[in-house]
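Feature annotations, courtesy of Swiss-Prot:
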DOMAIN    9-126  domain 'Response regulatory'
MOD_RES   Asp60  4-aspartylphosphate
DOMAIN    161-354  domain 'CheB-type methylesterase'
ACT_SITE  Ser173  active site
ACT_SITE  His200  active site
ACT_SITE  Asp296  active site
Amino acid sequence: MPLTGRKIRVLVVDDSAFMRKVLKDIINSDPELEVCGEARDGIEAIEMVQKCRPDVVTLDVEMPRMNGLDALRVIMKKYPVPVIMISALTQEGAEATIKALEYGAIDFIPKPSSSISINMRELKDEIIAKIKEAAKVPRRFLELRRIRLLRVQKAKKVKPSVPARIAVAIAASTGGPQSLLKIFPKFPENLKAGILLVQHMPPGFTRSFAKRLDSVSKIDVKEAEEGDVVEEGKAYVAPGDYHMEVTLRGGKPVITLNKKPKMHGVRPAADPMMITAAQVFGRRTVGVVMTGMGRDGAQGIVEIKKRGGITIAQDEKTSIIFGMPKAAIETGMVDYVVPLEKIPETVVRAVEMIRGGGNLGRHVTIPR
């Protein structure tokens, strides 16, 4: 039972009666959750938010009369509540979902296009866990976010391809897309490191997210492919349903993708990426663990620190979900605990420290 002693109230919004029933059955099967109402479109959703005062809303992206994005804007502006988007596995669905996360949605659940009831029931544990985590999100994160991200006009000149000698390994989950979109524009074009990013997302969504990150960043961002050489000033996003690892090939750091068993219930997981990055780059590795639920990234932080690298965790105040950073900090192997807005400058300082041959002591906390 939640700390309040009452069940978590959930409003289910979907234009499909069948889909609403599947979601209601899943939610009501957990003793800590209850469905307080349902709606068929965005207009009904706004009315029901006022009537049943839910703790969490599950909101379909594509609906008649008023779609999920438009409803989300109104809900976050007038009746702030944690919202989880239910999105189709299409390019349009993925792009709309990324936009919804920018507007203030906490998380999303992919909606398979066929065998919906079978697939959604396979997702039962994930749906229940995400609803419970969303209900805990501090109110300060519940607002209509207008992230004014200007598309960056990248220089047309061809940049020289320089294999990275330093790696920045970033782990993120719930709350990650919104947070990463805030910090990636701050990385300088001439960053003397390659960035390896694992954001927990299913196939299709990672490609849309990589494109969105690229559009607002000075560095080049792409969804990672098998055999990519890790280069300076470039970021590589692990593709959905593949673990991303790093190996040495011909003296160059190369990305490999695999479908080894899920770790922490997810694929991609950050730990395989961070551990192999540490093995390849050694002390020239910077590890960053950001907002998200679970423990992914903690093992990677330990491995990076053991090999002399520099480790960073996002602080509790700016983490939408503090699970992953907390687990990393509890290893005792984190050098810097910093607010979200300080992560880019801390990474740049760490890269410069490594290039200059310096070494950070452990347990260093950058003050606000």
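Using the three backbone atoms N, Cα and C, a Cβ is placed for every residue, glycine included.
Distribution of Swiss-Prot features across the structure.
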| residue | record | CB count, 10 Å |
| --- | --- | --- |
| Asp60 | 4-aspartylphosphate | 27 |
| Ser173 | active site | 28 |
| His200 | active site | 27 |
| Asp296 | active site | 29 |
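In this structure, the residue listed as '4-aspartylphosphate' is part of a beta strand by DSSP.
Helix, strand and coil counts under DSSP for the domain 'Response regulatory' (9-126) come to 57 helix, 28 strand, 33 coil. In the predicted model, residues of the domain 'Response regulatory' (9-126) average a pLDDT of 90. Nearest in space to His200 (active site), taking C-alpha to C-alpha distance over the recorded positions Asp60, Ser173, Asp296, is Ser173.
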